[in-house]
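**Q** Feature table excerpt (TrEMBL):
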type	residues	note
TRANSMEM	12-33	transmembrane segment
TRANSMEM	39-58	transmembrane segment
DOMAIN	114-222	domain 'Palmitoyltransferase DHHC'
TRANSMEM	147-171	transmembrane segment
TRANSMEM	183-207	transmembrane segment
Amino acid sequence: MAPSHALRCCKRALNWVPVLFINLVVGWSYYAYVVELCVFSYLVIFHIFLAMFIWAYWKTIWSKPANPSKAFSLPRAEKELYEREERAEAQLEILKKVARNLPVYTRTAGGAIRYCDFCQVIKPDRCHHCSTCEMVNNCVGFSNYKYFVLFLSYASLYCVVICATVIQYFIKFWTKQLPDTHAKFHILFLFFVAALFFISIVSLLGYHLWLVGKNRTTIEAFRAPFFTNGPDKSGFSLGFSRNVAEVFGDQAKYWFFPVFSSQGDGHSFVTRLVQIDPEQANSVLQPNDGGQTVSVTIEKEQ
């Protein structure tokens, strides 16, 4: 028991290494830009993007994944019947009977109700067990997807500001017009690091903006969700403007701030195929009170 516990502790500690690395790089970039380079004319915009970047980043890290409501658990009688039943067809009928009263419209590839034997709950639409995104050491899902997209956006802008304002000093470095001090090495590495981070981040940002426009999770982008009439990659797409509103909300004043404004509750989703009455869905779902950690997985399974 002790070795396995120690290994789990080591694994949890190692999971924070990418987060620590990112924070160290950001801390060094701040020192190099503000202290060593000290570009006074750009400090205001630099600090604005830095503050928004850090705000969105830490909101992504510390937002807890959502759990299915108790409404998705089998009632005691049906649960006992399900566990006693050995025939798969009979079990499927039990799940189908319970799911009639739930806002659940996706199915397995075989057309059955999606059920998690580990958590012993009927899976809400678009719900999967978490896969951790190494950059934030957290599952990226319904509760923090907006923050994640904003984190990528402000990280990209932060890198753009650095590259755009440092490039003149970078050119002077190569033409040997800078004073021979240790600051010139900060300028060299600052430009290269910012450029490399921008290239890697902007590609990921572009992919997720495409997903937002299509209203898909990464899992749905690779494997179309199944409905009663078969697979449909665009089953949750409601049109570009409504797709954006699903993630960022319907009030534009909140779009650029890492505050929660996404539409819905993470348990039920409007589809092109079935229109869900939000009030009716909320009357069925009970308040969330814990359980196994499950959420709408947005990040790639790694």
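Just so you know, glycine gets a Cβ as well, placed from its N, Cα and C.
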**Q** Check the transmembrane segment (39-58) against each of 12-33, 147-171, 183-207 and return whichever range has the most CB pairs under 8 Å.
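**A** Stretch with maximum Cβ contacts: 147-171.
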**Q** Can you count helix, strand and coil residues in the domain 'Palmitoyltransferase DHHC' (114-222) using DSSP?
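**A** Helix, strand and coil residues of the domain 'Palmitoyltransferase DHHC' (114-222) number 67 helix, 10 strand, 32 coil.
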